[in-house]
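The block underneath contains the structure these notes are about, expressed in structure tokens.
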Amino acid sequence: MNGDETKKVESEYIKKHHRHELVESQCSSTLVKHIKAPLHLVWSIVRRFDEPQKYKPFISRCVVQGKKLEVGSVREVDLKSGLPATKSTEVLEILDDNEHILGIRIVGGDHRLKNYSSTISLHSETIDGKTGTLAIESFVVDVPEGNTKEETCFFVEALIQCNLNSLADVTERLQAESMEKKI
């Protein structure tokens with residue numbers, strides 16, 4: 001696919017899976033990452049609502065309430081030092097193993113991300129002739145008092161971009177290790 005075709009495919013997935021209803025005091029954005037690892041491998045990491053620290057570098061610990069991972073599950077996340085927060089309480093809103101979509105909503109914590117929700121969807125694609133994954137993550141959040149929409153979006157986009165880059169690093173490394181074992 002050329003650049004225009006890729007943008008068209010991305011746009012279709014965004015329209016289908018990443019629509020957020022915004023009010024005036026909120027901001028929203030969508031980020032895209034092309035990952036050189038197959039969809040099943042990337043999804044096996046992303047779908048683990050109970051282990052986000054496997055690829056999210058700012059999370060040090062996660063405890064899920066209850067034993068079953070399902071829509072409505074709640075997790076308590078401890079954040080690494082250096083961030084303007086130490087903990088977050090999050091609810092699993094979407095877990096679709098067929099469409100490869102995970103959605104969360106933040107319901108508590110000592111941070112300023114009020115009414116935050118995000119959706120990540122994964123889609124199979126071909127990268128350099130090999131099976132890869134298109135990861136799309138979108139969010140909506142209230143703009144905290146004293147901040148602008150631009151500042152808020154910039155901050156959240158930076159966090160998500162770090163998470164997506166880490167997801168690519170982790171899954172591409174796992175894919176390379178898997179290929180080495182086959183040789």
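Glycine is no exception: its Cβ is also placed from the backbone N, Cα and C atoms.
SER117 (abscisate binding site) falls within a strand when secondary structure is assigned with DSSP. Annotated abscisate binding site per Swiss-Prot: LYS56, 85-90, 112-118, GLU137, in sequence order.
DSSP assigns CYS27 (disulfide bond) to a strand in the three-state reduction. Other C-beta atoms found within 10 angstroms of the C-beta of CYS27 (disulfide bond) number 22, with every protein chain shown included. Taken from Swiss-Prot, the feature disulfide bond applies to CYS27-CYS153, supported by similarity to another entry.
What Swiss-Prot records for 20-172 is region 'START-like'.
For 81-85, the entry in Swiss-Prot reads motif 'Gate loop'. Within its own chain, the motif 'Gate loop' (81-85) is flanked in space by residues 58, 109-112, which lie at least six positions past its ends and keep a Cβ under 8 Å from the stretch.
Around the Cβ of PRO57 (site 'Involved in ABA binding'), a 10 Å sphere holds 15 further Cβ atoms from the protein chains shown. For PRO57 (among others), the entry in Swiss-Prot reads site 'Involved in ABA binding'.
Neighbour list (PRO84 (site 'Involved in interactions with PP2Cs'), Cβ cut-off 8 Å, at least 6 residues apart, same chain): HIS111, ARG112. Per Swiss-Prot, site 'Involved in interactions with PP2Cs' is recorded for PRO84 (among others), and the stated evidence type is similarity to another entry.
Annotation comment: Swiss-Prot describes ILE104 (among others) as site 'Involved in ABA binding', evidence class similarity to another entry. Counting every protein chain shown, the number of other Cβ atoms lying within 10 Å of the Cβ of ILE104 (site 'Involved in ABA binding') is 23.
Classification of THR148 (site 'Involved in interactions with PP2Cs') by DSSP places it in coil, neither helical nor stranded. For THR148 (among others), the entry in Swiss-Prot reads site 'Involved in interactions with PP2Cs'.
Its own atom aside, the Cβ of VAL156 (site 'Involved in ABA binding') has 20 Cβ atoms within 10 angstroms in the protein chains shown. The site 'Involved in ABA binding' annotation in Swiss-Prot covers VAL156 (among others) and is backed by similarity to another entry.
Secondary structure at LEU159 (site 'Involved in ABA binding'), taken from DSSP and collapsed to helix, strand or coil, is helix. If you look up Swiss-Prot, you'll see LEU159 (among others) marked as site 'Involved in ABA binding'.
Within the same chain, residues at least 6 positions away in sequence whose Cβ sits under 8 Å from that of GLU137 (abscisate binding site) are THR30, LEU31, LYS33, SER118, THR119, ILE120, SER121, ILE160, ASN163, LEU164. When secondary structure is read from DSSP and collapsed to three states, CYS153 (disulfide bond) falls in the helix class. In three-state terms derived from DSSP, GLU137 (abscisate binding site) belongs to an extended strand segment.
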